[in-house]
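Colleague: Would you mind keeping the following structure in view while I ask a few things?
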Amino acid sequence: MPLCLISPPSPFITCRVSPAAVRNRPLPPPPPSLPSLPPPPSPTLTPSLTCALQCPHFQSCSGCTEEFNLHRPLILDEVDRFFKGHGVSDFSFDSSRLWGWRCRAKLAVRGSSMDPLIGLYQEGTHNAVDIPDCKAHHPNINAAIELLRRGIRELNVEPYYEDEGTGDFRYVQMAVTTHNTSLPASDRYRNGKVQVALVWNSRNENSPNSEKLTALANFLWRNGGPRSNVHLIHSVWGNFQTSTNNIIFGNRWRHLIGERDFWEHVGGIDISLAPSSFGQANTRAFDALLQKLHKYVPQGSSVTDLYAGAGVIGLSLAAARKCRSVKCIEVNKESKLSFEKTVQRFPSFVDSSISWHHADASVEPLSWLMGSDVVVVDPPRKGLDPSLIDALRDLSSVERKAKSSSESFGSYSKDKEEKRPWILRAREASVQIGSKAILENNQSLPRTLIYISCGWESFKEDCKALMVSKEWSLEKAHGFNFFPGTQSIEVLAVFKRGQRVNLKKKKSGKKKKKRVTNQL
Ligand SMILES: C[S@@+](CC[C@H](N)C(=O)[O-])C[C@H]1O[C@@H](n2cnc3c(N)ncnc32)[C@H](O)[C@@H]1O
């Protein structure tokens, strides 16, 4: 159990370390054993101590693996070396909020109705651990968990018992919206409201054991809704899952109480996220990443956003870069509704052709790359599908073949549509906003690839596979502290098709811009 070296930090104060301090100071190794003496006065503390996790659950919970240097995960040394080895000498790392950053959590509900456990599994086991004072959670997630615990006890709700497949309440997802425009901007994060999704061990809301689900939703609303002393709860949803596998959510969702629509503000736009859609856990860091991403997409580009979720990246680019067209491709059909809602609040000046497609990016991926100048990929931790890597590596040869073919690349007539599978495909299972014509008449292939990764190991493999044939070269890379307390970081890497441009030569004579991020 870690001892507090200094008084626990407020979750709303991040550890500010000057770029120079990070660059020049040799990092002290984590203490081998924890001191038993009272802490020294704080002014002399090094960043590793002021940026310590100080969480009482550190050793029992599997959520965090690092106790010190939250501002600078150890893996950064390797990341920096990797990028240097591939010609990117100015890799930068942005660190934002170090505590209370997690705005989205999925937690197991186990134990008994009198003694419920709501938390993560212990490393390598299926033993859930209570984490009421989690330092990564937004504080209102912790408060909502405590309210939920009270509800389980008072209503005698039976948590799930995995071995037997019995009990009612399996998991809970908590997501915080910090988008309350009636509050001053500085108060919004702190006053975030929690959308609670209760995963119930029943087929639907009419099953006999679903009565307690309704009762629990009403309890949360009565005690945490707008009429309670502390308004904490945004809404409550039910999800129904009876399968005995490890998949958290079933296919059936029900809105039970509170506001149906959940809005957040990132990347310059209001986005709607249903509980069934993917959402980034670290809202603030994601916003910083999107701001950076915008710089690499030229105004008026045609963009393909693969692994798009509810289309947040594509839509924020459409709004900021006035893209000619944006195509979002996502395999989870539940994200479609969130995309449509987001578009309803879209700024009226955006007149891009925007579409969202329910499709698997690994099936005929070339059809999605056709007609775009920039492709953005944001795959799950396991990385890109091999068929997509192959398609990305083949682009120049596709271009050459198209040019040399007697039927010139741009001269298809309407009756030859069947030879343009991407057009036929783009019409399937899609939502289209704005003009279709732009999408259909553009036959360019991407020259810029922007890879957003939360899985460092898979990223390295994909990166090498893309560059081995010299089809793509790395131009820029940035890291973001999306998961403080772990060895995971989010990477944004920009690749260009063809040979690497000598940026130094291009820039010579120009004044150097002041850097605002931590150079490593
Ligand atoms: C890391 S999330 C990124 C989502 C989105 N870019 C965002 O930031 O909100 C990865 C997304 O890829 C989707 N996905 C996974 N495999 C896919 C595939 N083969 N084709 C299309 N989408 C896929 C997942 O459902 C998930 O929404």
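Residue 1 is the first one shown; counting continues down the chain.
Cβ coordinates come from backbone N, Cα and C, glycine included.
No curator has checked TrEMBL annotations; they are predicted automatically.
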Colleague: With GLN280, GLU330, ASP378 listed by TrEMBL as S-adenosyl-L-methionine-binding, which of these, TYR296, TYR307, is given for the same site?
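Modeller: Of TYR296, TYR307, TYR307 joins GLN280, GLU330, ASP378 in the S-adenosyl-L-methionine site that TrEMBL records.
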Colleague: Taking the recorded S-adenosyl-L-methionine site as GLN280, TYR307, GLU330, ASP378, identify the other residues of that chain whose CB atom sits within 8 Å of the mean position of the site's CB atoms, giving them in sequence order.
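Modeller: Those within range, site residues removed, are PHE278, ASP305, ALA308, GLY309, VAL312, ILE313, PRO379, ILE452.
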Colleague: Where GLU330 (S-adenosyl-L-methionine binding site) and CYS454 (active site, nucleophile) are concerned, what is their Cα separation in Å, rounded?
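Modeller: For GLU330 (S-adenosyl-L-methionine binding site) versus CYS454 (active site, nucleophile), the Cα atoms are 17 Å apart.
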Colleague: Would you count the other C-beta atoms found within 10 angstroms of the C-beta of GLU330 (S-adenosyl-L-methionine binding site) for me?
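Modeller: Looking across every protein chain shown, the total is 26.
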Colleague: Per DSSP, GLU330 (S-adenosyl-L-methionine binding site) is which: helix, strand or coil?
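Modeller: DSSP assigns GLU330 (S-adenosyl-L-methionine binding site) to strand.
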